[in-house]
Ligand code: NDP
C-alpha cells in the first residue's frame, strides 16, 4: 500500500473504467444521461456544475443542463423535476445545493425519483443504506469507500472512528463502514475527549470542517487516515481536518488535501449515473 493515498490516480483509474462501460452501453443502444439543475448564480455552485458537465463529456455521458434564474419558483422547479423523472433519456438527476432560500430543499430532493437519485439524498435511498440494501449511495462517502478498497484496506473487525455526523458525509460513511463489518464509533462536537477516541482507531475518517484539528500524536501508530475536510486558510491554501505533517510519520496510509477525497466525489456521481443506465438497459426493477 502506498503511504500517501492518491485520490487523483484512483479517480482517473475509475473514470477510465466508467468510460469503457459507457462505450459498451452505447454500442448496445443506451446512452447514459445525467440532468444537472442549477438555480441562481452562486459562484461556487456554478464551478461545481461546470466541473460535473466536463466530467460527463470526458466519459461520454450525455449531460442535460438546466440553469434556472434565481427567481424560479418552487412549483416551477418541482415541475421540471417531474418532467425529468419521466424523461427516458435521463438516468440521474442532480440538483445543485444550496437552493435559494425561498425553495424548500427537502421538498425538492424528495421529488426526485429514488430511481434517478444519483446523489443518494432521497429518504428512500437513505433507508436502503440503513437497512444494508443500498441502491444509490451518496458520492463523497462512497468515494471514500472506493479509495479504501483500491488501497487494499480491509475494514472487517477494525475499529473505525468517523469524526463528523452530517447527513451527507459522516452518517452515511459510518453506515458504509458498518456494512463492511467494522466496529464504528461516530464522534461529533459533543464528544468528550476526542483525542482518546481517535487513539483507539485503526482507521480514522475526518469529516469536520476544522483546519488541521486532528494532530499526529492523537493517532495510533500505523493507523489509516482518510481526510474528507477541505478548509481554506489564507488566500489560496487548502488544508484538511488532519495536521498532515505531524500525522504522516505515524500512519500507515493517509489521504492528502488537496488530491485525496476531493477528486472522488464527481467520479462517484458518474459511477452512479452509469450504474443507473445499466439498470435501465437491463430492464431490471429496483
Ligand atoms: P458539517 O458542518 O455538516 O458537519 C461537520 C461535523 O463535524 C458535524 O457533525 C459536527 O458535529 C462535527 N464537528 C464540528 N466541530 C467539531 C469538533 N470540534 N469536534 C468534533 N466534531 C466536530 O460538514 P460536512 O459533513 O458537510 O463536511 C465536513 C468537511 O468535509 C468539510 O470540510 C467539507 O468542506 C468537507 N467536504 C468535502 C467534500 C469533498 O468532496 N472532498 C464533500 C463534502 C464535504 P455536530 O454534529 O455536533 O455539530
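Along the chain as shown, residues are numbered 1 onward.
Any Cβ shown, glycine's included, is placed from N, Cα and C.
TrEMBL annotations: computationally assigned, not manually curated.
Lifted from TrEMBL, the feature list:
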| type | residues | note |
| --- | --- | --- |
| BINDING | 164, 165, 166, 230 | NADP(+) binding site |
| DOMAIN | 5-119 | domain 'Tetrahydrofolate dehydrogenase/cyclohydrolase catalytic' |
| DOMAIN | 138-280 | domain 'Tetrahydrofolate dehydrogenase/cyclohydrolase NAD(P)-binding' |
Looking only at the domain 'Tetrahydrofolate dehydrogenase/cyclohydrolase catalytic' (5-119), what are its DSSP counts of helix, strand and coil residues? 60 helix, 18 strand, 37 coil
Limited to the domain 'Tetrahydrofolate dehydrogenase/cyclohydrolase NAD(P)-binding' (138-280), I'd like the whole-number average of pLDDT. 98
Who sits close to residue 166 (NADP(+) binding site): which same-chain residues at least 6 apart have their Cβ under 8 Å from its Cβ? 207
Using a Cβ cut-off under 8 Å and a sequence separation of 6 or more, which residues in the same chain sit near residue 165 (NADP(+) binding site)? 171, 174, 186, 187, 188
Fewest other C-beta atoms within 10 angstroms, as judged across 164, 230, which are the binding-site residues: 230
What counts of helix, strand and coil residues does DSSP assign across the domain 'Tetrahydrofolate dehydrogenase/cyclohydrolase NAD(P)-binding' (138-280)? 54 helix, 28 strand, 61 coil
